[in-house]
Amino acid sequence: MKCWRLSAILFLGFMLTSLSTARFVVEKNSLSVTSPEKIKGKHDSAIGNFGIPQYGGSMAGNVVYPKDNSKGCKDFDSSFKSRPGALPTILLLDRGSCFFALKVWNAQKAGASAVLVADDIEEPLITMDTPEEDVSSAKYIENITIPSALIGKSFGEKLKDAISGGDMVNVNLDWREAVPHPDDRVEYELWTNSNDECGVKCDMLIEFLKDFKGAAQILEKGGYTQFTPHYITWYCPHAFTLSKQCKSQCINHGRYCAPDPEQDFNTGYDGKDVVVENLRQLCVFKVAKETEKSWVWWDYVTDFQIRCPMKEKKYNKECANSVIKSLGLDVEKIDKCMGDPNADTENSILKEEQDAQIGKGTRGDVTILPTLVVNNRQYRGKLEKGAVLKAICSGFEETTDPAVCLSNDVETNECLTNNGGCWQDKTANIAACKDTFRGRVCECPLVDGVQFKGDGYTTCEVSGHGRCKINNGGCWHDARNGHAFSACLDDGGVKCQCPAGFKGDGVKNCEDIDECKDKKACQCPECSCKNTWGSYNCSCSGDLLYIKDQDTCISKTASQAKSTWAAFWVVLIALAMIAGGGFLVYKYRIRQYMDSEIRAIMAQYMPLDSQEEGPNHVNHQRG
C-alpha cells in the first residue's frame, strides 16, 4: 500500500507537470440587477459545474439572503418556495465551510429556484465544481436540478446591503449567450474515458452515453451536428520512463499515459490497458467517419461497456473485436490505425489528442474529465441527457433548430399560448409565431410558395403571384347557386377589387349591383330586365332577340333576312371578283398573242429594232 501511495504521488507529479501551464477558462453567464435603482446594472457570474443551467433561456427572480444558515451548509428551517404569481426565489449564500454542491442541494430542498454563492475573498471568478470521489456527496449531486453561479465578493456585499436595507432585489440570470449560436450546425466534442472502474464520475459518464446515444445519432444523421470524441492522456517525464509506474500506465515508452483503474499497480488492469482501449475507440470513430457513419461510435462505446466490462475481466482486444465485427466495421483498418503501442515512436492519433487538450481562442484547456465543449465553449452543469441537449440546442441559430430541440422535454412552446403574441389568421390557420429553442420569433410565414409580408406582430399580408390561393388574398369572396366571385387580383400586387357586377371595398364586402334598378343595362323599349346576383338577365318581347353589346332588341326574321342578303352579296362579290380576275388574265394573254403576230408580219417587210442588222453583200460577176 505504501508503494502504491508513492506511485500515485509520482503519477500526480507527472500530471501536474503536463498541466502546469494549463489555461482554465471560467464559463460565465450574464446577471442583471433590475431593482433597486442604486445597484442596477450587469455583472458576470461563473456557471456552476453541477445542476442544470438553463442554456438558451433566462430566469427573473427575487434575491433572498437568509439571516440564519447563511452559508447553506445544513438544512433550512424555512421554505423559499415562491407563491403562485410571484417571482422565483434566488437564494444568496456565502462561500465557505462546506462543498458548493451541498449548499445548492440544501437550497433546492428548501424550494429555491436558483442559487448565487458570494465569494469570501476578492479574486477572479472560479468554477464551482463537484467534490472528487466523495461517496456521501454522490447521493445528492446527481439530483441537483437548479442552476447556480458564483459572484464576486464586492457584488455580493452590495446585494446583501440592499436586502438588509429593506429593498426588494430582483435579478435576471441570462444563459442565452452562454453558448455561441452562429449558424444551423452545432460542433460539439466530448472528452471521455473508456475506464469503467473510476468511481462515481465514471458511472455517471456511462449512464450519460447510454441515455444520450439516441439523440446524438438523430442529430448526427440529420447533419445538424458535428460530433468529435476525445480522450485525455498524459505523458511520463523522460527520467521516469523505465519506472514501474510509467511502464504499467503508459504506452509508446511513456508518451501516452492514463491512471490505474483500480489504483493498485499489482492487481487488475493497468493504466496502459485504458490508453489502448481509448486509442481503439478513437480509431473506431475515424474508420466509421471515413464510411460517412460517424454515429456508429456511439453504438461501439455503449456496446463495449455492456459486453466488455472490467468487472467480468472482458476488457480486452478479443471482446472489443467482437463488438467491432458486430457493427460491420473493418477490424484490420482499426488495428492499422492504432499502430504499435510498444514502439518507441509517436502515435499520430494520441499526439493530436494531447495537442487538442490545450485551449484555443475562447476555449480553455481541458482539465476536467468528463468535459463537454459546445461551439468551442465548455459546458458547465450536470452531465444528463436533457441538460446537455439544452446546451447543444442553444447553439443553433434561431429558427434553424431541429425537431429534437423543440420537444416538450427540452423547451416550452411559447406559440401555444395566445400564439406567442404574434399575428395570426384563425380562418386560414396561419400564424407568424415560430417556436425556437430560445423562445418564439414573430416572422411572417411562407405558405405554399406565397410569402407573407409585415412586422409579424400585428400585420402579415400576402403578396406576389399565387396570393389568391391563400385565404383568397385577404379579399372578399362569396359563392351562391353554383357561381363564385372573388375580389382578389392575382397580378402580383396586394389590391382587392370587387368584380364586375359588384361594388364595395373589395376587402370586407362587395354588394351586388342592381343593373335593372340603376338603369345601367337592358334599357331598350322592347327590353325586359331581371336582376341576378353578380349580373342580370335581359329578354325581349315577342320574337325579338337581345344584342348585349348594343343593348338593343332586333327581330329574329329581320336578322335572318339580313343574314341571307349578307350571304348573297358575299357570293355575288366573290363571283364578280373571279370574273374580273379572269377577264384581266384573258386580256393580258390576248394582247401578248396579238403583239407577237403583228411583229411577225411586219418583220417580213422591214427590219425591226429588236432584230440585228446583218452585213449587205453585193455580188459582182465579171465576165
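Cβ from N, Cα, C; glycine included.
For Cys540, the partner cysteine in a disulfide bond according to Swiss-Prot, taken from Cys529, Cys538, Cys553, is Cys553. Per Swiss-Prot, the listed range annotated as motif 'Tyrosine-based internalization motif' is 605-608 (candidates: 89-92, 205-208, 585-588, 605-608). The recorded disulfide partner of Cys468, taken from Swiss-Prot and restricted to Cys460, Cys475, Cys488, is Cys488. Looking up Cys498 in Swiss-Prot gives a disulphide bond whose other cysteine, out of Cys510, Cys516, is Cys510. In Swiss-Prot, the cysteine linked to Cys415 by a disulfide bond, out of Cys393, Cys405, Cys433, is Cys433. Candidates considered were Cys422, Cys460. The record in Swiss-Prot pairs Cys444 in a disulfide bond with Cys460.
For Cys422, the cysteine that Swiss-Prot lists as its disulphide partner among Cys405, Cys442 is Cys442.
Cβ environment of Cys540 (disulfide bond): Cys524, Glu526, Cys527, Ser528, Tyr546, Cys553 lie under 8 Å away, each six or more residues apart in the same chain. Ranked by CA distance from Cys442 (disulfide bond), the disulfide-bonded residues Cys415, Cys468, Cys488, Cys496 have Cys415 at the top as the closest.
Between Cys433 (disulfide bond) and Cys498 (disulfide bond), the C-alpha separation comes to 32 Å. A 10 Å cutoff on Cβ-Cβ distances gives Cys475 (disulfide bond) a total of 23 other Cβ atoms nearby, all chains included. The helix, strand and coil residue counts that DSSP assigns across the domain 'EGF-like 2' (464-511) are 7 helix, 15 strand, 26 coil. With a 10 A radius on its CB, Cys444 (disulfide bond) counts 22 other CB atoms from all the protein chains. DSSP assigns Asn537 (N-linked glycosylation site) to a strand segment in the three-state reduction. The two recorded residues, Cys460 (disulfide bond) and Cys415 (disulfide bond), show a Cα separation of 17 Å. Among the recorded positions Cys415, Cys422, Cys444, Cys488, Asn537, the ones whose Cα sits within 10 Å of the Cα of Cys496 (disulfide bond) are Cys488.
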